[in-house]
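Visitor: Dumping the structure here so I can ask a few things about it.
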């Protein structure tokens, strides 16, 4: 867009001859009526309250039936939205002149429903009242505001039959109606046929294109408008700046800003607010803040734009500081302000400030605003208080699709998978149709269950809802199938997608990595780098993790170096943790420890946890002890890391230190997370904990497992009891045989037919003994057993595992 716009040339609107009977034509009004104090008071009236204070004087002085007062009363009652009282004045008048009808219609159009306004318009026709052009502009605006295309077209027809098809004001109303009804092509056709167009007409079509998402077309129209001699005014600027923001065309936005300064519009609050919004959405929040701070006057919309700018740029703390400044200056927040603040609290995970905003919602009586309540549900969910979110949702009247989506996502984000699925099913039972956002919320919940049957069910629903072309829904399906063990199905969907987002590539790269297909993951990553979609920080994390699971150390080192050097991506704590895991799993423990010491940021639990896990694998008690002590400084209350250190000590026969760790755990009340394995049989999901006897088939399971262990022992299996201590050897073996995954596998084998794969979901890392035993079980039974633990997949078949014993 050119910054050199043509100078303004004012063209006065054409005079439209009035067709109505004027008040002076219809009746002679004595001069004492004009000069009556009540008449003067009506002229000075500024509110409905003042009008009701004047009304008794009019009645008391017998002026209620005077034409002047009737006309003025109807006009004022309509102006203040009191249509019932306007009708009480209007209806008794025997000889109604046209101007009264026009005033009443204007009142209906501004303060009543579309049905009521059209009904009164029909009455006007019945009463032979000749319409004027403004009757149509009011009705067209009402049709546009209600997105009622059918009746908008009917009014357009009346415009034509009434002889106003070439009237500038009427046709501008027609253009506006079609634009608001999202028929932008029809709007443009009407605009293009107009023999003359004023600035209002140009602004209407420009705004129409911008609001319908055709930002570049809106900008092109501004150029054309300038070429035809119309200089953009403040309304034009306010219309096109959102279009610039939507397209992130910062250079054009800066050119518009330059024009604003030359035209002297910078003092207009709506223009400055639009500039704040534009710069924020174009990623220049600092410039937006300079404009915001320079504003002499700010409306609540100005504050909202600045708060939203900080939120969208990822600076939630900045958003909350502006929100607090707004409150300190005594500006009353709107529903939009509150939603922005809640979004910021959610991003920060700041429960206390979130509760403060919740109290503000109650004080402002915004608890009936469903959009605000939806924001509260999201905030509490992200602040890990899904229980409060659920209470709000339960008590929410008039739940919208967005409400259901927020609650389902909240459950899914907090690991409440069953609750998420129950909410989804209840939503469907109420005949509320899911959209793409619903699917993107519920599919990850199903992915966590890792149940192939339900994966196929939700995939079918996506197809039936015609959502299988949505890139985000399809990405969720790719991720779900990968997490359900169906990596080949995931790749088929990936290859079928016409459009791929960076998260689509991330899902597939990560999927291959978690299945131990590191080389394929690296090949896909290299393919991605050759295309137009650039990898982001998550892509590199997925690639590093894939290298770690498959022992591709050199490739991982290259990727880590390339992050910052070639893509300008600064490594986060997760990236450093992945690198330590990569080096540690490969046995390069000293190199991993040196890497930690040289980190430019202070190492966190992710980093030291990866080091501790590697020391457990490679039986290095010295470095394991160092890593564990650093973890205990950061989080002394995690029992899992204490158990891991105790096992490292036990492997090294350092029994005094084992006892010391156990004593600390007992005094602190720390416990290890119990192992749990899930297996799906038929339509049910069965849970097993180590040593559990609560399952209805427990006796049968244990009897079968005893026979199965004998068979795998005969095939060469030797129990690994290194992780169990302080009990006799035979007891150690018994304890190993009651691990949750062994129980789940035995149950699966008992309740499925020969040749059926067994899918197991484990909440912890698979232990060495269970991994070895499952290989032998797959050999002696001829079954494929797929186990998904907390880190990756293990595909057991014919006595071997897909991980190659590298996990």
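The backbone N, Cα and C atoms fix where each Cβ goes, glycine too.
Note that the coordinates shown come from a computational prediction; the quantities given were computed from them, not determined experimentally.
Pulled these from TrEMBL:
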REGION    1-22  region 'Disordered'
REPEAT    97-131  repeat 'PPR'
REPEAT    198-232  repeat 'PPR'
REPEAT    299-333  repeat 'PPR'
REPEAT    369-399  repeat 'PPR'
REPEAT    400-434  repeat 'PPR'
REPEAT    470-500  repeat 'PPR'
REPEAT    501-535  repeat 'PPR'
DOMAIN    716-807  domain 'DYW'
Visitor: Mind checking which residues reach the repeat 'PPR' (369-399)? Cβ under 8 Å, same chain, six or more beyond either end.
Guide: 335, 338-339, 342-343, 345-347, 349-351, 354, 357-358, 361, 406-407, 409-411, 413-414, 416, 419
Visitor: Return the average pLDDT for the repeat 'PPR' (400-434) as a whole number.
Guide: 94
Visitor: With DSSP as the yardstick, break the repeat 'PPR' (369-399) down into helix, strand and coil residue counts.
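Guide: The counts are 23 helix, 0 strand, 8 coil.
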Visitor: Grab the same-chain neighbours of the repeat 'PPR' (470-500) for me: Cβ-Cβ under 8 Å, and only residues 6 or more beyond its ends, written as numbers and ranges.
Guide: 436, 439-440, 443-444, 446-448, 450-452, 455, 458-459, 462, 507-508, 510-512, 514-515, 517, 533, 759, 786, 788, 793, 795
Visitor: Helix, strand, coil residue numbers for the repeat 'PPR' (299-333) per DSSP?
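Guide: In the repeat 'PPR' (299-333), the DSSP-based counts are 26 helix, 0 strand, 9 coil.
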